[in-house]
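One structure below.
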Amino acid sequence: MYKMKLGEVVTTIPSIGFNIETVESPNLQLSVWDVGGSEKIRPLAKYFYQNSKGLIFVIDSNDNERIEDATTELEQILREEELKNLPVLIFLNKQDLPFAMTSYKVACELGLRSSIGREDDTLYRSTTKNYFEGRYWCIQPCVATTGEGLWEGFEWLMAAM
């Protein structure tokens, strides 16, 4: 988020609460709510869902051990009534690391394997499978520290909203 807003890498620690930033480009203005992943904070996130137009979920593609946790968390979020039918952008971060999972592997972990379309390594489609039912989604590989893949993901989300 800060790479896009400030044009530079900002060293951060994991979000403990909520951060709100506006990301702008000539064709784009998004208010982004960074909701911390702490188990104590997660129940409060639902109070910020009202009037949302899209959802961005970030997965650490280099952390194979936590993909199941990420899948469970995303499923819980997508079951929220306020988020029904919203487009979902999944940033698959840290693609520059040697053991990064591919978009295809993450799609399989999320149960989306039978409903994917391909454009390079970005996966996208509207689907009627499990908790993604009735919504558009995109898995966008990225490297947050360099900005690679970020604008492409945000542009997809804006078009899907």
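Here the Cβ of each residue, glycine as well, is placed from N, Cα and C on the backbone.
Positions annotated as Mg(2+) binding site by TrEMBL: SER15.
When Cβ atoms from all protein chains are considered, those within 10 Å of LYS94 (GTP binding site) total 20, not counting its own. Residues or ranges marked as GTP binding site in TrEMBL: GLY37, ASN93, LYS94, GLN95, ASP96.
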Counting every protein chain present, what is the number of Cβ atoms, excluding its own, within 10 Å of the Cβ of ASP96 (GTP binding site)? 15
Students should find that the Cβ of GLN95 (GTP binding site) has, within 10 Å, a number of other Cβ atoms equal to 21
